[in-house]
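Enquirer: Got these off TrEMBL a minute ago, pasting:
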| type | residues | note |
| --- | --- | --- |
| BINDING | ASN87, ASN88, GLY89, GLY90, ASP91, GLY156, PHE157, SER158, PHE159, LYS160, PRO161, PRO162, ASP185 | (6S)-NADPHX binding site |
| BINDING | ASN88, ASP152, SER188 | K(+) binding site |
| DOMAIN | 37-244 | domain 'YjeF N-terminal' |
Amino acid sequence: MCWTGLFKKQIFLPKTIRCIYTTSILKAMKYLNQQEAINVDQDLFNDYKFSVDQLMELAGLSCSHAIAKCYAAPQYARVLVCCGPGNNGGDGLVCARHLSLMGYKPRIYYPKPTPNPLYENLTHQCKSMNIEFVDATPDLENISQQYDLIVDALFGFSFKPPVRETFVSIINVLQNTKLPIASIDIPSGWHVENGKNNECDFEPSLLISLTAPKLCAKFYKGPHHYLGGRFVPPALREKYQLDLPEYPGTETCVKLS
């Protein structure tokens, strides 16, 4: 199933034609460098008066929906959500909350909580819904017995290497686990523009780009790439020439590849 921006109606196409259609979308779509990604966020905050928590809620919700499309419960119900200290981690907290409402059993690994009311509220919401927070880094040898899926919400497009000591152990888990990994916006540790590097070269099985794909997404070779965050105003799309695909119907995410 695919949707065309021209006719705005549902069309069922043979697999070969769908592949050609998807390829043309990816070639036309704008991939953001780090500064452009920062500028888009600032415009959303300053020109369009979105709040951080508002965008975080929409982003986290779309991530949970993309995960459900690729890794449905109950087969993948046991989810480890790894959250970092910034906005990417906030997206992960929101995602975990929504997953818990969709039949999943998420646990959250949050090694460096942000001392900020926004993040404290997100943490409180998760705890009030009986979502467990785990203190210790999961044991690589036993992680497959404890979980079915890992959500990587550690670092976003503002990340600058090297990986700080607090996160070295969990990055090692991502590097070596055989579990499927769903990365939010950027695979943690990847260079936002150049992709994999010597320190972090794991390939998530699902990448959920938010707002618009970043340049590193061009290097993504995994099976599932989705776009989430259905909140970009038309004028902002035009300003940055984003040429984003149409979201189907009432969906909060759209499959890119």
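Cβ coordinates come from backbone N, Cα and C, glycine included.
Quick one: where do these features end up spatially?
Expert: GLY89 ((6S)-NADPHX binding site) falls within a helix when secondary structure is assigned with DSSP. Cβ neighbour count for GLY89 ((6S)-NADPHX binding site): 27 (other Cβ atoms within 10 Å of its Cβ, all protein chains included).
The Cβ of SER188 (K(+) binding site) lies under 8 Å from the Cβ of CYS82, GLY84, ASN88, ASP152, LEU154, PHE155, PHE159, PHE167, ILE171, LEU174, CYS200, each on the same chain and at least six residues away in sequence.
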Enquirer: Give the number of CB atoms, excluding that of ASN87 ((6S)-NADPHX binding site) itself, located within 10 Å of its CB.
Expert: 23
Enquirer: Around PHE157 ((6S)-NADPHX binding site), how many other C-beta atoms are within 10 angstroms of its C-beta?
Expert: 26
Enquirer: Express the predicted model's confidence over the domain 'YjeF N-terminal' (37-244) as a mean pLDDT, rounded to an integer.
Expert: 97
